[in-house]
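K.L.:
As listed in TrEMBL for this protein:
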DOMAIN    77-531  domain 'Major facilitator superfamily (MFS) profile'
TRANSMEM  21-42  transmembrane segment
TRANSMEM  120-139  transmembrane segment
TRANSMEM  151-171  transmembrane segment
TRANSMEM  177-196  transmembrane segment
TRANSMEM  208-232  transmembrane segment
TRANSMEM  238-256  transmembrane segment
TRANSMEM  351-372  transmembrane segment
TRANSMEM  384-405  transmembrane segment
TRANSMEM  414-431  transmembrane segment
TRANSMEM  443-466  transmembrane segment
TRANSMEM  478-500  transmembrane segment
TRANSMEM  506-526  transmembrane segment
Amino acid sequence: MDVDTSLKTVGELGRLQTANFLLFAVCITFASIQSNSIAFTIDQSVEHYCKPPPGFTANQTSPLINKDGREAFAGCEMYDVLNGTLTNNLTTCQYGWEYPSEYGATSIVTDLNLVCSRSLLAGTLMSMHFAGFLVGCFVTGQASDMFGRRTVCMTSLLLSSLLGMSISFIWNLELMMAARFLLGLVLPGNTLVVFVRIVEMYSTKNRLLANLLVTFGWVLGLMLVAPLAILLPNWRDLQLVVSLACIPLLPLHWFFSYESIRWLVQKGQVDRAESILQKIAKSKHINCDGGFLLSKPNEGIGLNETDLLTAEEADGKGDTSPAADSGINKIVCTQRRRHYSVLDLFKTRTLVKYSLIIFLCWFVMNMLYFGFMVYSTSLAGNKYLNFFLLALVEAPMSIVNFFILKRFGRRRPLIIFFFACAVFCFIAGFLPTKTAQGTDLAALIVAMTMLGKYFAGATYEVTMLIGAEVFPTVLRNIVTGSSATVGKTATIIAPFIVLLKGVVSFLPMTIFGTLSLVASLCVFFLPETRNKPLPEQYGDTDKLAQDRESAI
């Protein structure tokens, strides 16, 4: 009996499975808050101006500049004061900075004065976080395939809590960068690994619904960031509370969550998988006294993984199966369990093609998603409200996606989503702020940007799903971690692409649109995975490719 059949036998929507789903989904929500709160804990766009010397006010010492159509104090220059007399000579800030804020908010930038000549350090600090995430995607992906999804999730949960709390007490920039890197390193264990863990809980019928709810868990965390930042304007309080909130999840996972049944079977731990299935069946009052007779995986075993030994040589060396009996010595086949790595993604032509396409999609969708978030800071209005609205737009997207993916599959919607995002990027990039007649088009540009963000978020959900459904169980978490590693390089590059707006106004959106268009064309070569069982071995992925070719 295979895993999908076993899951159908015990059912997938019982109390035990639902409790496990919620435990892992909540991990994603908290990881979303921890990851996205960086927008307010670092806050590169913080308002600032030179602190006036004693006896003077900012109105006297700070020159006025035009900032986004309004008058504001210059952030890095002030009128010089010599011998108590104000002059017309401009100089750098001599007495520090003032940071006006509607809610009295602080950030790492305000605490460490990472403005003006030190502003690049704030960008470097943010890059360190995403560089850690980049490395963590690969490390946690490999670790979860070696030690299990649940083990890596719990370890990441503990470490992210401890590192997050430590950050709230650090005042040294170098230590802050190191801690931010390490926090980024462990967070993928509560996002990508958890996503794979949840996908592996379900058979084809309920996998799409599970993906929808997981995505909504991320969006929920994203939506909570702005309200939490308003309630806790001191960034250290925000960082501490968000990190402490993860602690209660640890004992809940220890006592109530269970390991991925698919992973256990692939690792040959059939007894543990049987035990979990029996526990689920018992909780639902299903009689399975005969067991589930799960078979150990032995497809795809090469000569380097199997040795022919005599019975005497094989005695006591694990699982054996008789291959022949010569009458003198019994020849047996001993299977050596092997560990898979990212190199296994390039061992067949089909896997190479699919891997490169998925890598490209992850790179582009991260570039779009994070690029829009950075680009949105130039939009007029309250930064908390803007952040919340950008998060809110993703909530209906998940619901709409559920029905679209259920009706039209994965491949065609992903092609359309990337193409639509490209169209709105080009429109937003080339629209003038005002027409020749003087009509203000700022609102239209904002609307096009929001629509682009909507479809960028839509590509994120579908790309993660189709990537998990194309690759076999033995490689699924590796490809997810490797893809996310490629994608996170885009999050490091995206802020610098947005800076090109100061050189040529339409350049950032043109780059985003072009990349999205290329991704749309490449997705055409992926197979459709709707209503298909999850691949378990190498050959299953090749079957998907054959099904695609026969369907064309």
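Every residue gets a Cβ built from N, Cα and C, even glycine.
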K.L.:
Hey, which bits of the same chain come close to the transmembrane segment (151-171), Cβ under 8 Å, at least six residues off its ends?
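P.N.:
Residues 24, 27, 31, 34, 111-112, 140, 143-144, 179-180, 182-183, 186-190, 193-194, 197, 236-237, 239-240, 242-244, 246-247, 249-250, 253-254, 259.
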K.L.:
Give the one range among 120-139, 414-431, 478-500 whose Cβ atoms make the most pairs under 8 Å with those of the transmembrane segment (443-466).
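P.N.:
By the under-8 Å Cβ criterion, the transmembrane segment (443-466) pairs most with 414-431.
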K.L.:
Would you say the transmembrane segment (238-256) and the transmembrane segment (177-196) are in contact under the rule of three or more C-beta pairs closer than 8 Å, pairs 6 or more apart in sequence?
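P.N.:
Counting Cβ pairs under 8 Å, fewer than 3, so no.
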K.L.:
Ranking 21-42, 120-139, 208-232, 351-372, 384-405 by the number of C-beta pairs under 8 Å to the transmembrane segment (478-500), which range is first?
P.N.:
351-372
K.L.:
Who are the chain neighbours of the transmembrane segment (21-42) in space, where the CB to CB distance is under 8 Å and they lie at least 6 residues beyond its ends?
P.N.:
105, 107-109, 122, 125-126, 129, 133, 153, 157, 160, 164, 183, 187, 190-191, 194-195, 197-198, 201, 210, 213-214, 217-222, 224-226, 228-229, 235, 238-239, 242-243, 245-246, 249, 252-253, 256-257, 373, 387
K.L.:
Does the structure show the transmembrane segment (414-431) and the transmembrane segment (351-372) touching, where I'm treating 3 or more Cβ pairs under 8 angstroms (sequence separation 6 or more) as a contact?
P.N.:
yes
K.L.:
Could you give the residue numbers and ranges of same-chain residues that sit at least 6 residues beyond the transmembrane segment (384-405) on either side and whose C-beta is under 8 angstroms from one of its C-beta atoms?
P.N.:
39, 103, 208-209, 212, 215-216, 219, 222-223, 225-227, 229-230, 372-373, 376-377, 413, 450, 453-454, 457-458, 461-462, 465, 530
K.L.:
Could you pull the average pLDDT for the domain 'Major facilitator superfamily (MFS) profile' (77-531)?
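P.N.:
It averages 80.
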